[in-house]
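The block underneath contains the structure these notes are about, expressed in structure tokens.
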Amino acid sequence: MEGEKLNLDNIISRLLEVRGSKPGKNVQLTESEIKGLCQKSREIFLSQPILLELEAPLKICGDVHGQYYDLLRLFEYGGFPPESNYLFLGDYVDRGKQSLETICLLLAYKIKYPENFFLLRGNHECASINRIYGFYDECKRRYNIKLWKTFTDCFNCLPVAAIIDEKIFCCHGGLSPDLQSMEQIRRIMRPTDVPDQGLLCDLLWSDPDKDVTGWGENDRGVSFTFGPEVVAKFLHKHDLDLICRAHQVVEDGYEFFAKRQLVTLFSAPNYCGEFDNAGSMMTVDETLMCSFQILKPADKKKYPYGAGGVGSNRPVTPPRNAPAAQPKKGAKK
């Protein structure tokens, strides 16, 4: 939007207009509006640290994956910004039918409320992944490939971790064997792609595994798994109380690990129309007490929005501790 002013309030109200409509109705912003959202939010991401230091109270959400009407349900439940402060843990795009609406609303809120609304990078905010799992195809179908590249430039500037009141460590994936000091995260220079290995890769890709002692191989073929004592040591070393991460489907929308020292959050109910999982949002109050708000899976007859979505025939993020729930064999991403 060179020279043009971004009409943020108008963009937000158009994106919210479909509340109450039958899920699946698109909001077609102009290409220059979307470009403006990417460019302005990118400037804000770069003006703020790559390791955010945030204060409670706030609400934390896990993967959304283009399930736009569920994102609206989350806000209806938690309060539309600026009623509540939010931290999202990444994976805004791919899989669901409406990645564009989802990411555009999140970027618009980031620009409107830069000190109260925060977005971390997930492993799907990466060109090599969202080229394959639906976002590229959605951009190409509804706009053009150039716009997808504009999003890539924006995603390459997202922060990758946050610490809430010096006690809760948040990232999309998990811990890294390379992570000894928080300074290492602060030293990551942006813009950056997500490498195939190393600290940044692990923060976005690793998973906890109760059956592993120390570090293990990850079934995803990327990064590592880590056991309960890795969590305990990390928290003790950095004087933290909790790790909060996303990245895996969990049946109830949230799941504790390592004696409640780590929690996984997942905020896309009925993920891809192939799971009966709930979605959840974690509220952290001023005293750092955590509570969970649950989005039950919607009635499939009433809301058939997941079935047949972009990428519904592609392999799905594997659920934790629920091999029976896996809908299809295939690569695990």
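The backbone N, Cα and C atoms fix where each Cβ goes, glycine too.
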Same Mn(2+) 2 site per Swiss-Prot - residue from Asn26, Asn123, Asn130 joining Asp63, Asp91, His172, His247: Asn123
C-beta crowding around His124 (active site, proton donor), within 10 angstroms: 28
Asp63 (Mn(2+) 1 binding site) and His247 (Mn(2+) 2 binding site), distance between Cα atoms, whole Å: 7
Which recorded positions sit within 10 Å of His65 (Mn(2+) 1 binding site) - Cα, from Asn123, His124, His172: His124
